[in-house]
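Q: Pasting a structure below so you can have a look.
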Amino acid sequence: MRLLKFVCLLASVAAAKPTPGASHKVIEHLDFVPEGWQMVGAADPAAIIDFWLAIERENPEKLYDTIYDVSTPGRAQYGKHLKREELDDLLRPRAETSESIINWLTNGGVNPQHIRDEGDWVRFSTNVKTAETLMNTRFNVFKDNLNSVSKIRTLEYSVPVAISAHVQMIQPTTLFGRQKPQNSLILNPLTKDLESMSVEEFAASQCRSLVTTACLRELYGLGDRVTQARDDNRIGVSGFLEEYAQYRDLELFLSRFEPSAKGFNFSEGLIAGGKNTQGGPGSSTEANLDMQYVVGLSHKAKVTYYSTAGRGPLIPDLSQPSQASNNNEPYLEQLRYLVKLPKNQLPSVLTTSYGDTEQSLPASYTKATCDLFAQLGTMGVSVIFSSGDTGPGSSCQTNDGKNATRFNPIYPASCPFVTSIGGTVGTGPERAVSFSSGGFSDRFPRPQYQDNAVKDYLKILGNQWSGLFDPNGRAFPDIAAQGSNYAVYDKGRMTGVSGTSASAPAMAAIIAQLNDFRLAKGSPVLGFLNPWIYSKGFSGFTDIVDGGSRGCTGYDIYSGLKAKKVPYASWNATKGWDPVTGFGTPNFQALTKVLP
């Protein structure tokens, strides 16, 4: 029976992969049908698919050199962030490169009206039959065995050798979407005594029982400071998975916790069919959490909720075995939208409280989106991400068919061009919260800006957890903030929310306050934060040396499926940088003294 199943599996894989011709080069391939999916038959030749094609840059170092030049204090170009037109010029491929790709598409049968040249990206729509010929592949219908959702995908695709050096990736092809991408969100019921506390009592509590804007202001030294209303200091809040920020809940929150901010609101940026529906039974907790703390801590800043339709492309692993039918790629949709905005419409801070295990995304996809975060950084955007809520890992095993024991880094927190925010709990002193994710990337090498700090930590760590992580990978998180039991109004009622999804918007608001401080003195916004944080800014953060993260318990915390167990798996908070709280939590007054 086992032999028969193995033979059938080989047959299905063979049916999904045509024999590559000598004139074509394979761009991407999967070794097997992802776990939880079954190939059920050939795709309808007339079915239409919308594709993204990322053009491989001839000199990728130009982008990286530029972001470090404008983001590293002491360099001549520091703070001289690019305009959109300057970024376009930096990334624009040679005319003959774009022409060769467009000619390949049109000669292959794609209607020229369905092709959009966006410089370093090309978007095109065509039917399955034409796409199969173009990419020397066979598209099939794959069914999710758990929820019967079907998708048109392939396990491998190629392009002509003549243009292969110019193609970084084409998607959706090998991307199998998820229904519930990992996000940081833990709900806690509130006791009646907490619900009845006054603003003054919350401030005096120093976040010991419930986190509010009042106690964060006290704990992190903001006092009653607010940002000024300026066009050059905007905050963007990312919304995915049909999460909608509710105006009525924000009004209730501000009335209760920030009375001086009553009447302040946010605008909407709706991307790729995104919505921000008010009322109704849909989920809104994450969106409300983000918006209430961003507006509450910096209420005069211009805040935009960027709602993007669609669900992300992931390769199934134990943490997220269920799939979705939406073909949109939300990060790509959002990021391509943002990098095309004029500089005066861009947020100076963008906070996002979503993430996926790094291994569950194809390598080409993580590289392409990480580069887009870098592009935002060159234009002066501080990109903030929550680090995740699984400690060193949840499933703690690889999804490459080997099922090897391995810690699970989180993406985009592991991208070297974002600032990753871990979580703390308690006061006097603050401690690392046990769920705060962190670790070392398996995709991105450690950037030079964090060499010294991470090497110091690795000396302390020694051989502990050897083989379970890549010590040469990009280390995260970078910094941290309170992450346990935030007061949030949702559907008219107050609840408690925990997770690094709470830490990220709180930190974003504090960064906006620092930008406001700099702008008032005639200096530009901070932009990409990490080179400053690791060179000098770290001294403005309170080092967290107590507590630690936990994970790898033998069961995946999201799916409940049995997984690898690593006894006592953890990252401990230590003196200096560590992979659970980074450099620690902000002290606003101290930070203003070490600004570049």
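A Cβ is built for glycine as well, from the same backbone N, Cα and C atoms used for every other residue.
Values in this document were obtained by computation on a predicted structure and should not be read as measured data.
From Swiss-Prot, for reference:
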ACT_SITE  GLU286  active site, charge relay system
ACT_SITE  ASP290  active site, charge relay system
ACT_SITE  SER501  active site, charge relay system
BINDING   ASP543, ILE544, GLY576, ASP578  Ca(2+) binding site
DOMAIN    210-596  domain 'Peptidase S53'
CARBOHYD  ASN265  N-linked glycosylation site
CARBOHYD  ASN403  N-linked glycosylation site
CARBOHYD  ASN572  N-linked glycosylation site
SIGNAL    1-16  signal peptide
Q: By CA-CA distance, flag whichever of ASP290, ASN403, ASP543, ASP578 among the recorded positions is nearest to ASN265 (N-linked glycosylation site).
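A: Checked the recorded positions ASP290, ASN403, ASP543, ASP578; minimum Cα distance to ASN265 (N-linked glycosylation site) goes to ASP290.
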Q: Around the recorded Ca(2+) site, report the further residues of that chain (criterion: Cβ within 8 Å of the mean position of the Cβ atoms of ASP543, ILE544, GLY576, ASP578; site residues excluded), sequence-ordered.
A: VAL545, ALA573, THR574, LYS575, TRP577, THR581, GLY582, PHE583, GLY584
Q: Where's the emptiest Cβ shell within 10 Å among the recorded positions GLU286, ASP290, ASP543?
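A: Sparsest of the recorded positions GLU286, ASP290, ASP543 by Cβ contacts within 10 Å: ASP543.
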Q: Going by C-alpha positions, which of the recorded positions (GLU286, ASP290, ASN403, SER501, ASN572) is nearest ASP578 (Ca(2+) binding site)?
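A: Closest candidate to ASP578 (Ca(2+) binding site), judged by Cα separation, is ASN572.
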Q: For each of the recorded positions (ASN265, ASN403, SER501), count the other CB atoms lying within 10 A of its CB, then report the residue with the highest count.
A: SER501
Q: How many other Cβ atoms sit within 10 Å of the Cβ of ILE544 (Ca(2+) binding site)?
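A: Around ILE544 (Ca(2+) binding site), other Cβ atoms within 10 Å: 27.
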Q: Sequence gap of 6 or more, C-beta under 8 Å: which same-chain residues meet both conditions with respect to ASN572 (N-linked glycosylation site)?
A: ALA432, GLY547, GLY548, ASP578, VAL580
Q: Which secondary structure state does DSSP assign to GLY576 (Ca(2+) binding site), in the simple three-class scheme?
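A: The three-state answer is coil.
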Q: Counting only residues 6+ apart in the same chain, whose Cβ is under 8 Å from the Cβ of GLY576 (Ca(2+) binding site)?
A: ALA453, ASP456, TYR457, ASP543, PHE583
Q: Using C-alpha atoms only, work out the spacing between SER501 (active site, charge relay system) and ILE544 (Ca(2+) binding site) and round it to an integer in Å.
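A: That comes out at 19 Å between the alpha carbons.
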Q: What three-state secondary structure does DSSP assign to ASP543 (Ca(2+) binding site)?
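A: Coil, per DSSP.
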Q: Taking 10 A as the limit, how many CB atoms besides its own sit near the CB of ASP578 (Ca(2+) binding site)?
A: 30
Q: Tell me, what is the mean pLDDT of the domain 'Peptidase S53' (210-596)?
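A: Averaged over the domain 'Peptidase S53' (210-596), the predicted model reaches a pLDDT of 91.
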